[in-house]
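What follows is a set of notes on a single structure, which appears directly below.
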Amino acid sequence: MKTLLLTLVVVTVVCLDLGYTRRCYNQQSSQPKTTKSCPPGENSCYNKQWRDHRGSITERGCGCPTVKPGIKLRCCESEDCNN
């Protein structure tokens with residue numbers, strides 16, 4: 001009985017993946033693709049775009065920041081969704 005209980009606990013921990021964190025792209029503009037694991041509790045990714053004297057700028061990362069008018073922001077909640 002104890003063995004069955006222990007097996008159920010192990011299976012539950014493995015299935016729930018208690019240490020799960022969201023993974024988002026974090027490269028800027030035309031840099032090579034890179035990803036990062038977000039801090040615990042951070043469940044969204046963002047893609048922020050704007051234009052300046054250098055041209056079109058893209059910023060990616062974890063979270064969903066507040067932006068100023070004129071900046072396009074797309075937030076999403078799945079793995080690597082902010083490319």
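Heads up, the Cβ atoms here are built off N, Cα and C, so glycines get one too.
What Swiss-Prot lists as disulfide bond is Cys24-Cys45, Cys38-Cys62, Cys64-Cys75, Cys76-Cys81. The annotation signal peptide is assigned in Swiss-Prot to 1-21.
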Nonlocal neighbours by CB distance (under 8 Å) for Cys38 (disulfide bond), same chain, sequence gap 6 or more: Thr21, Arg22, Arg23, Cys24, Cys45, Cys62, Gly63
For Cys75 (disulfide bond), the three-state class that DSSP assigns: strand
Rounded inter-Cα distance in Å - Cys76 (disulfide bond), Cys64 (disulfide bond): 8
Neighbour-count leader, CB within 10 A, disulfide-bonded residues: Cys62, Cys64, Cys75, Cys76, Cys81: Cys62
